[in-house]
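Just below is one structure, and these are the notes that go with it.
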Amino acid sequence: MAEKSFKYVIVGGGVSAGYAAREFAKQGVKPGELAIISKEAVAPYERPALSKAYLFPEGAARLPGFHVCVGSGGERQLPEWYAEKGISLILSTEIVKADLASKTLVSAAGESFKYQTLVIATGTTVLKLSDFGVQGADSKNIFYLREIDDADQLVEALKAKKNGKAVVVGGGYIGLELSAVLRLNNIEVNMVYPEPWCMPRLFTEGIAAFYEGYYKNKGVNIIKGTVAVGFDTHPNGEVKEVKLKDGRVLEADIVVVGVGARPLTTLFKGQVEEEKGGIKTDAFFKTSVPDVYAVGDVATFPLKMYNEIRRVEHVDHSRKSAEQAVKAIFASEQGKSVDEYDYLPYFYSRAFDLSWQFYGDNVGETVLFGDADPNSATHKFGQYWIKDGKIVGAFLESGSPEENKAIAKVAKVQPPATLDQLAQEGISFASKI
């Protein structure tokens with residue numbers, strides 16, 4: 001097969017790829033210089049929609065409605081956008097070999113692609129129950145959610161199993177968002193996770209108690225402290241029951257699993273430095289190999305604010321790291337410099353009529369403020385994290401846009417404060433910074 005050659009290649013077609021393409025266009029990339037190679041069949045889209053509006057029973061989001069960059073208020077980049085800019089969108093193409101020394105990528109179909117500068121935007125893949133050797137984990141109607149194909153399969157199952165029963169395995173982002181959207185589809189939901197409370201990597205027990213209570217009121221049955229150890233099926237291979245480690249057996253027409261993800265670094269193993277499961281980069285997302293950059297979920301980068309190296313799995317960082325890398329690529333070509341990446345960690349979620357945001361670092365002592373009663377009609381609450389006498393993190397449920405900006409600012413500025421002061425003042429403390 002003929003070899004294709006580009007000045008710049010982005011491998012991966014998710015959020016980072018789409019935002020990188022926009023920055024390449026802003027920086028004046030010439031027609032024919034840039035290619036995006038993606039194993040997905042569609043142009044880059046805003047992935048968070050898949051666990052939210054894509055699954056709504058009415059008024060569901062569909063492509064081309066949520067191509068990047070609409071998630072951050074930007075222009076919607078349809079396939080035509082890439083064509084107009086002279087960017088090659090090479091879809092349904094999986095790269096199976098990467099030789100960084102010879103600057104060559106090879107696809108599953110045997111096509112060869114040469115590049116001068118490579119941006120690795122491969123993201124993560126979901127951990128599957130079969131990875132842990134769970135019996136029956138390959139039964140039909142056990143779903144994972146990462147790509148649009150996964151969401152389409154789940155949509156079909158929701159139609160086929162109207163008013164059925166679901167078991168959601170996992171108490172993180174996917175577990176919480178999908179339990180909510182399954183209830184909106186009038187599906188009976190059991191949610192199972194091993195930890196003592198939901199979202200344990202971010203939530204404290206106090207925050208989690210609100211969401212668990214709220215979900216319970218919405219009809220989600222939460223089972224904590226155990227895991228799925230096996231599945232029984234109907235003769236047609238569809239899942240029938242979920243066996244739990246504590247001996248309980250749950251009926252299920254649909255199972256949705258969200259037990260974490262792992263970075264897709266396999267192509268580059270032994271060729272680039274890795275750290276904390278990801279590809280190690282500097283503050284410009286340059287890897288240990290010249291002319292090779294890594295962005296988004298796959299990059300382990302210096303988090304300047306906290307003087308440490310981290311890997312962050314979140315759409316906000318996927319967008320911003322992609323833009324930073326492309327700015328750095330053009331600056332280095334022009335003999336100029338750009339500022340180091342100075343990221344404020346940010347996480348958010350929306351489910352039912354809830355909406356929370358978190359900024360900063362969840363370390364140190366905590367203080368909960370506001371009304372965190374799940375039975376309250378006017379629930380609105382938050383939490384601060386204090387370390388060495390300074391605020392380092394802030395969480396807010398049901399905040400206004402101004403209040404959300406205020407908690408972001410307080411996490412960035414890190415003003416001194418006492419627990420008593422914050423308990424008394426609550427959100428008003430952040431609002432006056």
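Sequential numbering from 1, following the chain as shown.
Glycine residues also receive a Cβ, built from the backbone N, Cα and C atoms like all the rest.
According to Swiss-Prot, the residue from VAL70, VAL167, VAL315, VAL367 that belongs to the FAD site alongside GLY13, GLY14, VAL15, SER16, GLU40, ARG47, LYS52, ILE95, ARG146, GLU147, ASP297, TYR348 is VAL315. For the NAD(+) site, Swiss-Prot gives GLY171, GLY172, TYR173, ILE174, GLY175, LEU176, GLU177, GLU195, ARG201, GLU313, HIS314, TYR348; the one candidate out of GLY86, GLY110, GLY260, GLY426 that the record lists there too is GLY260. Closest to LYS52 (FAD binding site) in space, going by CA atoms and restricting to the binding-site residues GLY260, GLU313, ARG350, is ARG350.
Taking a C-beta cut-off of under 8 Å and a sequence gap of six or more, ARG146 (FAD binding site) has these contacts in its own chain: LEU50, THR124, THR125, VAL126, ALA261. Taking the binding-site residues GLY13, GLY171, GLY175, GLY260 in turn, the residue surrounded by the fewest other Cβ atoms inside 10 Å of its Cβ turns out to be GLY260.
The Cβ of TYR348 (FAD binding site) has SER355, TRP356, GLN357, PHE358 as same-chain neighbours under 8 Å, each 6 or more residues away in sequence. In space, VAL15 is the closest of the binding-site residues VAL15, GLY175, GLU177 to ARG319 (L-ascorbate binding site), judged by Cα positions. Counting only same-chain residues at least 6 apart in sequence, those with a Cβ under 8 Å from the Cβ of HIS314 (NADP(+) binding site) are PRO345, TYR346, PHE347. Distance between Cα atoms for GLY13 (FAD binding site) and GLU313 (NAD(+) binding site): 16 Å, as a whole number.
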